[in-house]
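S.K.: So TrEMBL says this about it:
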- B:17-245: domain 'ABC transmembrane type-2' (DOMAIN)
- B:18-37: transmembrane segment (TRANSMEM)
- B:49-69: transmembrane segment (TRANSMEM)
- B:103-122: transmembrane segment (TRANSMEM)
- B:129-153: transmembrane segment (TRANSMEM)
- B:159-179: transmembrane segment (TRANSMEM)
- B:217-239: transmembrane segment (TRANSMEM)
Amino acid sequence: MEVLKVDQITKKYEKKTALANISLEIPAGVCFGLVGPNGAGKSTLLKIIASVIRNFQGKIRLTNPRMKIGYVPQEIALEETVTAQDNLVFFGKLYGLSGKALTLRIEEVLEEIGLTERAKDKVTTFSGGMKRRLNIGCALLHQPDLIIMDEPTVGIDPQSRRYIFQMIERLKQKGATIIYASHYMEEIERICDEAAFLDHGKVVENGRISMILEKHGKPSIFVSGNDCMPSGLESFGMLQEKAESYLLITRDPLQAMEYIVEYCKRSGSHPERLELAKPRLEDIFFSLTGSQLRE
Amino acid sequence: MNAIIKLELKKNIQDRGMIFWTLVLPILFTVLFISVFTSGLNEAESQPVILSIVPGYTVMFVFFIMITMTESMIKDQNNGLVARIASTPLSSYLYLLGKWVPYMYIVFIQIVILLLFGKVVYNVPIEQLFYIIVLAFILTFMVTGLGLALAILVKTTNMGIALTQVLALGGALIGGLWMPLEMMPELLQTISRFTPQYWGHQGFREAMTGTLAMGDFFKISSVLLGFGILGFILALIGYPNFLKRTTG
């Protein structure tokens, strides 16, 4: 069952259309990825869902209108001149928490984001990764059912990124639904169950990631080395040639590989690399949207 | 809203720059100018000068809170705090109020300290204490109301600083805070009545010497309140655009 329905949302900024009649359904308890290049409309859609933008066409339908939503903006939206604890108290109060309940939740969230030891330190003294974690923590205080994360790993070290992924896993296990926007495809592939591809304000594909990979992803064979390309390879699929290497995208990789190996045996050539590559989300994204630069 | 008030106060108390602008610099200016303008004068001749400079510089320097208010709002806008707060249950108008009230506390305390400094160091009279307290409240409302409008309407901190200088220094010059009005051309004396600085200065000076009639007190209070309400209305009118710039 879905927790949220995005129903024919259109948002225009003067002459530019940021979102063009977008419809999506976000199922409960999943991590839903929003993928797209800069300017695709990801942040605009998230801001609409989080009620930051209220001037748009279409409808956002929440299954439970009293659902608690936590919004993690793309910017590090913290008051950096005060401590981590002060920021958590501030946002906790804005979400309606107070007294012992607030104190307890702050302790839990500090533990969750790994900042218990630095709670009394000013945010200005934090690293980028710590700020990002606190940025997420401030949206978790009221134990939201739906967590909206807009590129929460931008500009941080691999350790902090991994920590955030683990945090997201724990939130999923606790039953939260997460909408996660990113332009890093490997992140989406790693942590999301479902995804929607956005480009020029439109959804170009959406569904379970495994389904998208199966539907669009074709395995490929990468070969490098001298005289390793038999004639007639085009009959197996699409061939992309480069200097002393080629990539064969095919639906029948084993047969194609056998054909290449047989040819190499006969001709006595030795490939430097002969690899069977599984399809990646990034390749599918480029094949659906093209690879030219956006604005 | 209380959360915003507390955070804003905490942030400002830690800000040494603001303490410099609101207290240190006005006290330095007061001491410096009193020593310059009273040098060679006897006590009786010095008293009117001191009585003009102490409330005059108090009124002039309260205007500089507008810079801090503008900086705070623009910073919140740029770092995404305004957008983030818009996603919480807090209404946008309570946010606006939460950003206003802390500066009222700060300006009121600033006025009290600067006038007390005048009393303790230069023994300025404080004859009509009730009027002085009420005028301090109204001056606080007026200057923070105008500050709020400025913070909402300008798009950059630099623009806010520039306009504050024009309002604070221009108003101080025309409003007779730097030199006695009698020494200024007649046209400027007429124009000075359109500045809040003139009314604030007159009110404090007369209340300190005990010559502020009730009618004049109401007149001065009404004018200052009018400026404050004008600022608040301008802020309310500009606020939807401010939010739009922030949240899209």
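Residue numbering: from 1, along the chain as shown.
Even glycines carry a Cβ here, placed using N, Cα and C.
Note: TrEMBL annotation is automatic and uncurated.
Map the listed features onto the structure and describe their local environment.
M.R.: Here the transmembrane segment (B:129-153) has Cβ contacts under 8 Å with residues 59, 62-63, 65-66, 69-70, 72-74, 96, 99-100, 103-104, 107-108, 111-112, 115, 160, 163-164, 167, 196, 200, 203-204, 207-208, 212, 217, 220-221, 224-225, 227-232, 234-235, 238-239, 242 of the same chain, all six or more residues outside its ends.
Remote same-chain partners of the transmembrane segment (B:217-239), defined as residues 6 or more beyond its termini with a Cβ less than 8 Å from a stretch Cβ, comprise 92-93, 96, 131, 134-135, 138-139, 141-153, 196, 199-200, 202-203, 207.
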S.K.: Out of B:49-69, B:103-122, B:159-179, which stretch has the largest tally of CB pairs under 8 angstroms to the transmembrane segment (B:18-37)?
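M.R.: The stretch with the most contacts is B:49-69.
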